Each structure stands twice: as structure tokens, then as C-alpha cells.
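Single-structure report; data block below.
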DNA sequence: GCGACAG
DNA sequence: ATCTTGTCGC
């Protein structure tokens, strides 16, 4: 089966209508999830991590690996990674609840306002936030001491810095741009390039890919 | 046509 | 994202 970009575009445009931008009320949040995928050629491993932000520790985590058939195409990352992420998420949701999910990539800072963070959030009807190391779409506008990520005149997220590290935080689903930024700042340790839930998912998925690749 | 381009 | 060991530096 071939991957048809025109069909994928229509799917994104249609699904983007289901994205909700609303306050999450992050003050009492406890379990923050993080997901990421690592690869070895066309073999990928997704990891989902549940992180307790009140106790600063990992509650549990899951892994799901499989061959991937769709290549990385800018603007269509979700079609490559979502199949693995969905499996890892279903596994972790059978063990714990997640109050919000951090996804490695963008949410509304996307040509069709439907980056992978929004995609996963809508599919699971769960609050989600995009965390990316590079910009895909949108412009950066400084407002005082903050740098907003703007798409079609709307602030969809913020650029935040930590030592030498810079990350782009955007609305995925069921959260506001300000809350997304606050929540990421709250889980971002100074020594690392990414907030804990995603940093750990990245570390676990990468180790798993290497472990399995060594057995081949 | 040219340049940009999450992971 | 990944290819890739040890090594230079804070």
C-alpha cells in the first residue's frame, strides 16, 4: 500500500476541526505522560512514560516496537510515528491514568494546524502538548520577555530556553499555550535538553532499539 | 521555480 | 531520526 500525501492532507484538515483549545487547570495535575520514538533503519521503538510531577519520579513506562513503512515527510510525522505511539500509549493507559501527554513534535504550529501532538491528543481525546527542538511552521514574535509562536495571527505556543537548550512548546489539544509552557517549565530540569517525561521516553526507546538491534 | 522542512 | 569512540572541556 502506498502513502498518499493528498489523502493524508485531507485527513489532517478534517481532524484538525476536532482540536480543542481550553484551560486544563494545571494546578492539581499529577501524572504527566511523555512519548517518543527511536529508530534503527525501518525498525522503530516507541516508549511511553508516566511521570509523577508532585513526587518527581517515574510511575511506570511501556515500550512497543515494530517495523515502520511510512518515511519521515515534513508535515506528516504522525503517519510514521503514531502507529507505534498508539500501541505504547494503550499499554500504559491499562496501568495508569495520564492527566496530560507531552509529544515529541509540534501541535498547532503546523501547516494544517494538526501536528503529531494534536493528532495523538485528538485520537485519545486527551490533553496534549507538543515539545520540539526545531520549528516546522509559524513565526516567532517577541512579547516583552516571552517569545510566542504565532500561526495565522494566533499564539499557539512559546519558545523557552534553558542554558544552551531551546525548545518549542505548542498547544496539542485541550490546553492553552500559557499552560503548556508552564507545565513544560515545571518538568524541565536544567541539566537536560528536554522536559523529564519526554527525555525519559527518548532514553528508553533509544536503549530498546539498540538492545534489539544487537540481537540481530 | 526557490527555499524551508517536527522526527 | 541515524551513522558513531574516544576525547576535549566546563
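Note: Cβ is positioned from N, Cα and C throughout, glycine not excepted.
TrEMBL lists A:36, A:104 with the feature Mg(2+) binding site. What TrEMBL lists as site 'Interaction with target DNA' is A:72.
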Could you give the Cα-Cα distance between residue A:72 (site 'Interaction with target DNA') and residue A:36 (Mg(2+) binding site), in whole Å?
14
In sequence order, which residues at least six apart in the same chain have a CB under 8 Å from the CB of residue A:36 (Mg(2+) binding site)?
A:46, A:47, A:104, A:198, A:201, A:202, A:205
Counting all other Cβ atoms within 10 Å across every protein chain shown, which of the recorded positions A:72, A:104 scores highest?
A:104
